[in-house]
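Student: One structure, pasted below without further comment.
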Amino acid sequence: MAQITLQNLAHSYYANPRGEHDFALKQMDHVWQDGGAYALLGSSGCGKTTLLNIISGLLKPSQGRVLFGDRDVTDAETAERNIAQVFQFPVVYDTMTVRDNLSFPLRNRGMDAGYIKSRVNQIAAMIGMESMLDRKARGLTADAKQKISLGRGMVREDVNAILFDEPLTVIDPHMKWELRTQLKQLHREFGHTMIYVTHDQTEALTFADKVVVMYDGRVVQMGTPEDLFETPAHTFVGYFIGSPGMNLLDAEIRGGTAHLQGASIPLGAAYGPMTGRTQIGIRPEYAVLTEGDGLPIKIRRVEDVGRHRIIRGDVAGATVNVIAPEGMPVGASLTHVRFTPDRINVYADDWRVAPLGGAA
Amino acid sequence: MEKTQNNKAWFLVLPVLVIVAFSAILPLMTVVNYSVNDTFGDNQFFWAGLEWFEEMVTSDRLHEALGRQILFSAIILAIEVPLGIYIALNMPKKGVWASVCLVLMALPLLIPFNVVGTIWQIFGRVDIGLLGHYLAELGIDYNYTNDPLDAWVTVIVMDVWHWTSLVALLCYAGLQSIPEAYYQAARVDQASRWSVFRFIELPKMAGVLLIAVLLRFMDSFMIYTEPFVVTGGGPGNSTTFLSIDLVKMAVGQFDLGPAAAFSIMYFLVILLVSWVFYTVMTNLDKEEGK
């Protein structure tokens, strides 16, 4: 097990990249703590899988180094790195039995037969496939096959890290939850470094201690689920995390006040002068409908999603969503929306601006 | 809705039946007719029963030809299948070179059989052939018209040259259908090169490989043109395979009865082997879909 360090890492699928837009992965420096459970979150095509394949050595980066602990493994083969990886679609060795599939990585490392047997039984119990151990893997259902893939990923105890590339895509919803819980438990038990790629925020937030949000080949934020929720570092994080995402409104920031469409909104802190496109961001959870306080809102639609209701409306031409608690009447008298001042984040050119006075 | 039962629709199949009858069933029946009769021409037939079959089953000549045929097919398969797999594994997966390889590999397959025979017949000649000449220069005593072993080597090398591409191309197609993730998983699992072949590539190739073996078996078991052009079945009878012997018997000696009995047995052997292959293949498919 080891801490994983990425130094000046960048990758382009072109042989001669011309400019930044040719890079699938923009230059980055990150340290992934030993034993951490990370989720790599982002929309399709943002470079998540590229980053994962670079860590596992399936892909050689165009520039930069990858370190496992103090050891530079940039040029090391995948096999040498002793890493486990589970892919999006099930990869099983069809002609082998389930047992042979699970023991394959151990046998390749020349482990002792007695150990292999007990370890395979342990893993089989975990993925719930004990009764199928002596069946051929060919012809099993997709989710059974994926469970075998997961099992094969977890069977080695001495791996440096276990990487998951959207492993639960083909699994039934109820099984998804169960497997995720088991992964979490496995992490607590053995303390492997785990990196879990997903585009599903629920999956990311329930699995990981730290969520790494990627956007357009860049890591835009690395933080706890709480950080991502309360202080998104980039408008993409605000939009991507949360359901619905953060409301963003163009505004002019002067000191502790935001001005938009002739109205002024108090902010929780004072800001210095900034350039570029300036916006305020507020979570729907921190917006309240009022009878006259705040900005005028035109309500378009009310969606009842069970625990609460989502009110979709327009404020000065921009869409604003408000989450109203269950049971609160939404009547024609509610014509304004008020934002909780200290929950408002300020963005300049999509990046969060820290308020004056240090509180980040 | 009620389903209308109308068996008159079967009449629509009639034209096909007529064509098949004229093109396949009638000629086959003619052979059957010859096999159970004796004839001296002029459409005069004398009933012979199973006599020709008995003669053929006990004929040393046929046994020898069959022995040569089985040996030839076995050698051909033993060389072409592993070699074809080896070539397929080492062909570039994509890019310009993949196309170049594909075209080069396809070339021998496009040459008419008798032309292949002629090419090798001249190529191997000691007096004017490039191969024969240089082998002689090197001091190797090679002459396919005198030496049975040289004749066999020539015919086998010619067949390998002509047909290995087919096996290679079919295997290549099988290999191309393996998703990249399988190779990646094998690298993650620290599998050896042999394991990758044994557990990923071979199982995925199994289907097409079986077709390749079937095609190569049938073609080599029926081979006629190329050895006939190169050696004419000689020296002696050393490269007289079943088809060559059959033609000698039917056209050369005009023994139509025995030749017809021979043809029918020949046909049944090929049918039997094809049926075995078909059964194995469909079972494989069933297992796949289970």
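Each residue, glycine too, has its Cβ placed from N, Cα and C.
What TrEMBL records for B:66-277 is domain 'ABC transmembrane type-1'. Sequence annotations record features per position, and here TrEMBL assigns transmembrane segment to B:12-36, B:70-89, B:96-123, B:151-175, B:196-218, B:259-280.
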Student: Mind checking which residues of the chain, 6+ beyond the ends of the transmembrane segment (B:96-123), have their Cβ under 8 Å from one of its Cβ atoms?
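Tutor: Those are 87, 129-132, 154, 157-158, 161-163, 165-166, 168-169, 172, 225-230, in sequence order.
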Student: Looking only at the recorded stretches B:12-36, B:70-89, B:196-218, B:259-280, which one has the largest tally of CB-CB distances under 8 Å to the transmembrane segment (B:151-175)?
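Tutor: Comparing B:12-36, B:70-89, B:196-218, B:259-280: B:70-89 has the most Cβ pairs near the transmembrane segment (B:151-175).
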Student: If we skip the immediate neighbours and take only residues 6+ beyond the ends of the transmembrane segment (B:196-218), which ones have a Cβ under 8 Å from one of its Cβ atoms?
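Tutor: The answer is 73, 76-77, 80-81, 84-85, 88-89, 163, 166-167, 170-171, 173-175, 177-178, 182-183, 186, 270, 273-274, 277, 280-281, 284-285, 288.
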Student: Take the transmembrane segment (B:70-89) and find every residue of the same chain, 6 or more past its ends, with a Cβ under 8 Å from one of its Cβ atoms.
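Tutor: Residues 105, 155-156, 159-160, 163-172, 174-175, 197, 201, 205, 209, 212-213, 216-217, 220-221, 223, 241 contact the transmembrane segment (B:70-89) from elsewhere in the chain.
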